[in-house]
Amino acid sequence: MTQSLTITRPDDWHLHLRDGDMLRAVLPETARHFGRAIIMPNLVPPVVTGAEASAYRDRILAALPEGMTFEPLMTLYLTEDTDPADVAAAHASGLVKAVKLYPAGATTNSSSGVRDFDKVRPVLEKMAEIGLPLCTHGEVTDHDIDIFDREAVFIDRVLDPIRQSTPGLRVVMEHITTKDAADYVRSQDKDLGATITTHHLIINRNHILVGGIKPHYYCLPVAKREEHRLALRQAATSGDARFFLGTDSAPHTDANKLQTCGCAGCFTATNTMALLAHVFEEEGALDKLEGFASKNGPAFYRLPENDGQITLVKQDAPVAFPEQIDTPDGPVTVFDPSFAVHWTVT
């Protein structure tokens, strides 16, 4: 029996589009289903000023295929040299919707990130004053901290002190991967939200390591124990408006994934909405999918919801998604959930 679900056109509140040929190849995969996306600024070199964000936005719009509608929501990469006045001007112009905090060395192209948080305090204070959200890659990078503990330690050592010392600062904990993070969000009464990725609702660390290394499941923050995956599912499907979709879809060519020091990231733009329908159906929460994917994010960012709609249809036969996206730089493998998916977007 065919089953369908029509929802407000969703948004992606954490997306990597890269630049150049890669941008042109992967942008349609997002624009096909999503109305808007928060665009990550970790290019080489990173997007650190309003002028650079404006130029990057122009390149994204120029790469958008004719007939597609999509609005890139730009961010700035926070560095120890970021100018509070430039941040305020970029926000006032309507260009920049958030500033991204990368602890130095935490993930792809994060070497320009923050090491001394006292040096960015004036920027954070200005952001609190003007209501501009801070998006955080929530991991410490200390060599003595186990990679599976980086998120929990970040909350204690970095995030909570920042929030305590900067009242009114609106924060998005991006791509949370632990029960600790979900519980922290719930424990706060205002000014805090969190994005959850599609792949962290599906995989745990066993998917990466059991039966041989699976490079296409390797991402940062790395997937955790099963108890954490289940906690993320509960948060995403709960209807709590503080949790919303941020895919962290991150295209890397197979050549860069399948090597002795492979890149971190899962490319989920192609099949995210179908996978989410599968997950929410498993949890008996299809009625909560629209909130998670289409309503909670705009509410946090104080933006209107999208005007359009998409329809998800469940078919009797499994849906065959592309295994790869061809790019001039080489193929990019589409995330494979390792189970049959019967949902598709029509």
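Cβ atoms are placed via backbone N, Cα and C, with glycine included.
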Further Zn(2+) 1 ligand in Swiss-Prot, beside H14, H16, K100, within candidate set D191, D240, D248: D248
Zn(2+) 2 binding, same site as K100, H175 - Swiss-Prot member from H137, H143, H207: H137
According to Swiss-Prot, which candidate in H200, H252, H278 joins H16, L17, R18, N42, H137, L220, A264 at the substrate site: H252
Cα-to-Cα gap, H252 (substrate binding site) vs H16 (Zn(2+) 1 binding site), nearest whole Å: 10
Residue pair N42 (substrate binding site), H16 (Zn(2+) 1 binding site) - Cα distance, angstrom, rounded: 8
8 Å Cβ shell about H14, H16, K100, D248 centroid, Zn(2+) 1 site members excluded: L15, I38, M40, N42, C135, E174, H175, G246, A250
Nearest-integer angstrom distance between the alpha carbons (Cα) of H175 (Zn(2+) 2 binding site) and R18 (substrate binding site): 18
Residue among the binding-site residues L17, L220, A264 whose Cβ has the most other Cβ atoms within 10 Å: L17
Fewest other C-beta atoms within 10 angstroms, as judged across H14, R18, K100, H137, which are the binding-site residues: R18
Tertiary neighbours of H16 (Zn(2+) 1 binding site) (same chain, Cβ under 8 Å, six or more apart): I39, M40, N42, D248, S249, A250, P251, G265
